Amino acid sequence: MQEIGKTEIWLRKHCPVYNSATKHPFILSIRDGTVESHSFKTWLAQDYLFVREFVPFVASVLIKACKESDVSDDVEVILGGIASLNDELSWFKKEAKKWDIQLSEVVPQKENKDYCRLLGGLMSSDVGYTVALTAFWAIEVVYQESFASCVEEGSKTPVELKETCERWGNEGFGQYCQSLQKMVDRRLLKASDEEVKKAEVVFLSIVEHEVEFWNMSSGN
Ligand code: HMH
């Protein structure tokens, strides 16, 4: 029998807040086909700005992995993540054109700025690899699980939003998130109690910021 990892324990323990991120009204409205186009456009524009800030954060995780990780696979997984972010930024530009959004004119909203400030803090060299990696996994897995629910059988996602949902909801992205989760669990096994506690706090904080981020789009 496989032993259950710390991340799985957190997901169970913090199930209500985690579900409020992955089953947020905005996501549910995509899934049931009732989403308003202005909501989707708000999300798209704000997420483009977020992803631009996310790139240096992931780069900082890569640097920590190069310095601290004794497993070379970690570096490869994170580098793969950076490579797909390059593609993702091009995709955002293409998608913005489709929706008539002028990306150069988009102003970050408060929730977005707050989230990017959290990322900025996690880039500090005072934050260890395990904690930074935990944040990285949490950021990716919320999107993966949210959008996967919009492409699963029975979902009524509008056809023009399918490609967006597939970006994060596809199986490959799911496997990538599982790799990240295994990396986190492996690090947590060797971490001090204090470090494990810090990682859990950061996990929760990320999930809460994800809820706020979706709130921007559903106008809550
Ligand atoms: C707010 N969280 C947010 N945006 C994203 N693009 C992701 C997670 C996944 O990369």
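Using the three backbone atoms N, Cα and C, a Cβ is placed for every residue, glycine included.
Look at TrEMBL and you will find E210 tagged as active site, proton donor. Remark: E210 (active site, proton donor) has A21, I139, V142 as non-local neighbours, by Cβ distance under 8 Å and separation of at least 6 in sequence.
Among the features that TrEMBL reports, substrate binding site is placed at D47, E88, E140. Under DSSP, E140 (substrate binding site) is assigned to a helix (H, G or I) in the three-state scheme.
The domain 'Thiaminase-2/PQQC' annotation in TrEMBL covers 13-218.
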Q | Chain-internal residues near E140 (substrate binding site), provided their CB is under 8 angstroms and they sit 6+ positions away | A | G81, F173, Y176, C177, L180
